[in-house]
Amino acid sequence: MTDVRVRFCPSPTGTPHVGLVRTALFNWAYARHTGGKLVFRIEDTDAARDSEESYSAIIDSLRWLGMDWDEGVEKGGPHEPYRQSQRKDIYQDVLKQLIDAGEVYPAYSTAEEVEERHKAAGRDPKLGYDNFDRDLTEEQVAAFEAEGRKPVWRLRMPEQDWKWTDLVRGEVEFKSFTQPDFVVARSNGEPLYTLVNPVDDALMEVTHVLRGEDLLPSTPRQLALYEALKRIGVAKATPAFGHLPFVMGEGNKKLSKRDPQSSLFNHRDNGIIPEGMLNYLALLGWSLSADQDIFGVDELIANFDVADVLGNPARFDQKKLEAINADHIRLLEPKDFEARLRAYMTEYTEFPADYPAEKFAIAAELVQTRIKVLSEAWDLLKFLVTADEDLVFNEKAAKKNLKETAVEPLNAGIAALEAVEEWTTPNIEAALNKALIEDLGLKPRVAFGALRIGISGEAVSPPLFESMELLGKESTLVRLKVTREQTPFVVAE
């Protein structure tokens, strides 16, 4: 078997979206699974839309997810350069060879003339180009040139049906009448995507083209161009094509670049970790097994085969992404999770960078099994870095838990905690259990509900006794005494 060579070739426009990165992942996983090579090049021939900011964002997205490449931008390789904007001389040379060989011809017809010819022949005027210019006489060409017309350049499409075995979809066929001669270069001689993309694939010896389903209708054109490139000695072989399924959003609509869920960086900023994102992206059209949704990158590489990719559209499910991410958060080693959480909290929240390391390690351990995304840690931990006088109660939680009956456990809890000399979790737990559970006979939910509101402001927090240890004895007692003063809690009008 020929060594596998796949490519990822995005245009540097906008921010990286889920569909784009899923395509990169499947190419990368296939290269790594087969021991092949991934070529990363940039299609930056649209000066009006391309940007260096977008280019940097694409690089950032791949590096964040841990996807590397064997040759391409930022790395180099035997087929440099890897940006299309730097390969224009190459395209012009290939275009000239195609013209000289008669594979490509000048077409002078305007869109209006094509429509008029269709109407005159009783055909649908919107059928598209009618191949009229393919065999113009020298006199006709001279007449058009005399008018000052500048031709576009079209590839001669063989009059045949187009069939191929798609790596994802199996046997695919397009009838010949659906494939008119198509433009490969503008009237100013500038080659189009329809030419430069296959030329790059040919020169870089790409063996497998894995790309989005939206490009499926253009495959006959690429196959025809490959045949022409082989005839002039530019291409050695035609690659195998595999068309990856659409990623759907809400309802039955394709996930749009404008959808917030489409933005990879939105997910990163919300606290999705790379392992969770990679796992979920892989599930958008592929699965490890019917009963295993959670897997790591090594399992993905060991098992990924493009032949197992489904042809049906994949649906993006935010809740499933977060559930998978939660599993990967729990799989992290505690020290690793602590470091990642600290970096995230420092960058994305108001959590102070100078919070004591030993306390943060405990806090991280308390929330690792309680969050789905890193951003949820802020709501659970912000009480630790809020000044006592600035703590605000969640009104709904306070109204439910700070009734007249809460005064007794608050009094008993405060008295018990004041007597604790060594402020540790076991001592705090023992003192409160004796005072509230044993002596007062309260159930834990009743006994500790008011205390939890008192120290955190919320009905849901990390474990109570550990939270009190982190908060410290002084702040714990100050907050509980303020809570007692505000019990029963009355919502301000």
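Keep in mind that glycine also has a Cβ here, set from the backbone N, Cα and C atoms.
Values in this document were obtained by computation on a predicted structure and should not be read as measured data.
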Range annotated as motif ''KMSKS' region' in Swiss-Prot, from 79-83, 254-258, 289-293: 254-258
The annotated motif ''HIGH' region' range in Swiss-Prot, which must be one of 10-20, 109-119, 131-141: 10-20
Other C-beta atoms that fall within 10 angstroms of the C-beta of K257 (ATP binding site): 14
